[in-house]
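What TrEMBL records for this protein:
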type	residues	note
DOMAIN	23-287	domain 'NADH:quinone oxidoreductase/Mrp antiporter transmembrane'
DOMAIN	289-342	domain 'NADH dehydrogenase subunit 2 C-terminal'
TRANSMEM	60-80	transmembrane segment
TRANSMEM	92-116	transmembrane segment
TRANSMEM	136-165	transmembrane segment
TRANSMEM	177-195	transmembrane segment
TRANSMEM	201-218	transmembrane segment
TRANSMEM	239-261	transmembrane segment
TRANSMEM	273-293	transmembrane segment
TRANSMEM	321-346	transmembrane segment
Amino acid sequence: MNPYILATLLFGLGLGTTITFASSHWLLAWMGLEMNTLAIIPLMAQHHHPRAIEATTKYFLTQAAAAATLLFASVTNAWLTGQWEIQQIAHPLPSTMITLALALKIGLAPLHAWLPEVLQGLDLTTGLILSTWQKLAPFALILQIPPSSSTLLIILGLTSTLIGGWGGLNQTQLRKILAYSSIAHLGWMVLVLQFSPSITLLTLLTYLVMTFSTFLLFKLNKATNINTLAMSWSKAPTLTALTPLILLSLGGLPPLTGFMPKWLILQELTKQGLAPTATLAALSALLTLYFYLRLSYAMSLTISPNNLTAMAPWRFPSTQLTYPLAASTAMTVCLLPLTPAISALLTP
C-alpha cells in the first residue's frame, strides 16, 4: 500500500478514536465510531484475496448495523428525555439498546459470531489493530453510560466468557483462537464494569499488552495455524522458550501478569455477593487455559514431523522490529508483583 495512503488511514483511525474519547454528545461519538470503521476497511481489503474481501464485507455490515442501532437509540433517548449527553441516559429502553449496539461493535457474546470469521480473513497486522485499537472507542462509551440493568451486563459477561472458552477448544487456526480469546477477555471486563470501572480499565490495558505480544510473536514466526508453530523452534529458539509464558499469561495463570485482572475481578464479584457468577467465570477460565496449553505444547514441546520427501519451508531472516515484542513480552510476564501499585493508581 502507498505510504501516504497508509498514513492517512492510520491518522483516520487515530482521529476517529480520539473524537469518540473526547465527545460528550452522542452524534459526535457516533461520528468518531464511523470514522474508525471507514478507516480500517481499506486496511482489511488491501490484500485482494476473496477471503479478505469477504471478511471486510462482514465487518462493514455488522459495524453499520451496530452504528445504526446506536444512532437510533440516541435519537430515541433525545426524544424521550430531551438529552443528547452521553452520561444523561435516564430511560432504560435507549440505555439497553446502546449497550447491545456497543456489544455488537466489540464482539461480546451472543453478538460475537462475526468476530472469528472476520479475524480469520485478515493478515496478522490488521488483525492486531482489530483486536486492540478498535475496542478502545466502544469501550470508552460503555464505561461512560450508566448501566441500564445489572443483569444484562452480567449475562453478556458470563455468556462471553463461556462462549470464548468453548469456541476456541476445537480450533486449529491461530487467528480464530485469538478471536475467541478476545471474546472471553471482553466478557471478564463487562462482568465487573458496573461494580468497579477501574478494574475494567486495568483488565483492558493488560489484555491490550498481552494480545499485542501474542500477535507480534505469531507474526515473527509467520504462523497462522498450530502446525506451523511446531517449526518455530528452529527459527527463534529463545522466543519459543518464552512463548508458553506469554500464552499462559493470556490464560490467567499465576505468577504471570494475566492473573492480576482475573484475581481482582473474582475478588470484586465476591465482595458484591455474586459468588456463583465468580465461580462460573473462574470455571470458564479453565476452558481458555486448555487451548493456551495446547498452543504451548505444540510450540515448545513438540518437533514438527520431518521426512525426506517433505518440503522444508524457506527460513528468511525476519525484517520485523523485535523491540516492541521484547517490551510487551516483559510486561506480559513480569507485572504481577506491581498489582498493589497499579490498583492504587487506578482507584479514584
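Placed from the backbone N, Cα and C atoms, the Cβ positions cover glycine too.
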* **Positions on the same chain near the transmembrane segment (273-293), where near means CB under 8 A and six or more residues out** => 154, 157-158, 161-162, 164-166, 168-169, 171, 177, 180-181, 184, 187-188, 191, 247-248, 250-253, 262, 265-266
* Structure fact -> For the transmembrane segment (321-346), the distant same-chain contacts (Cβ-Cβ under 8 Å, at least six residues beyond its ends) come to 198-199, 201-202, 206, 209-210, 212-213, 216-217, 220, 239, 242, 245-246, 249-250, 254-260, 263-264
* In the predicted model, what is the mean pLDDT computed over the domain 'NADH dehydrogenase subunit 2 C-terminal' (289-342)? -> 80
